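J.: My questions will all concern the structure given below.
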Amino acid sequence: MTKLEDHLEGIINIFHQYSVRVGHFDTLNKRELKQLITKELPKTLQNTKDQPTIDKIFQDLDADKDGAVSFEEFVVLVSRVLKTAHIDIHKE
């Protein structure tokens with residue numbers, strides 16, 4: 001497997017590590033999303049310990065408004081984080 005393929009698989013595995021805890025095995029509820037963000041992206045996403053911030057992120061990601069974040073919706077967060085990281089790298 002290439003380095004990129006390995007990282008892609010890692011993103012999928014991290015999602016599944018949190019999505020299988022409660023409810024549907026392939027979606028994140030608000031609590032699971034908060035746990036994933038605070039444990040896996042603590043330096044990347046600021047102010048994620050306060051509930052209003054988590055509520056806003058969840059609301060933005062839950063495109064179909066079903067009360068859960070699917071993998072497809074989670075990829076939007078990953079994409080935003082990658083774009084920001086890319087911009088930040090060029091600032092250094």
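Yeah, the Cβs are placed from backbone N, Cα and C, and that goes for glycine too.
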J.: Looking at Swiss-Prot, which one out of Asp26, Asp66 binds Zn(2+) in the same site as His16, His86, His90?
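T.: So, going by the record in Swiss-Prot, that would be Asp26.
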J.: Take the domain 'EF-hand 1' (13-48) and find every residue of the same chain, 6 or more past its ends, with a Cβ under 8 Å from one of its Cβ atoms.
T.: 54-55, 57-58, 61, 67-71, 74, 81, 84-85
J.: Could you give the residue numbers and ranges of same-chain residues that sit at least 6 residues beyond the domain 'EF-hand 2' (49-84) on either side and whose C-beta is under 8 angstroms from one of its C-beta atoms?
T.: 11-12, 15, 19, 23-24, 26-30, 33-34, 37-38, 41
J.: Cα distance, Glu73 (Ca(2+) 2 binding site) to His24 (Ca(2+) 1 binding site), nearest Å?
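T.: Glu73 (Ca(2+) 2 binding site) has its Cα 15 Å from the Cα of His24 (Ca(2+) 1 binding site).
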J.: Just counting, how many other CB atoms are there within 10 A of the CB of His24 (Ca(2+) 1 binding site)?
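T.: Around His24 (Ca(2+) 1 binding site), other Cβ atoms within 10 Å: 12.
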J.: Hey, for the Ca(2+) 1 site built from Ser19, His24, Thr27, Glu32, who else sits with CB inside 8 A of the CB center?
T.: Tyr18, Val20, Arg21, Val22, Gly23, Phe25, Asp26, Leu28, Asn29, Ala68, Val69, Ser70
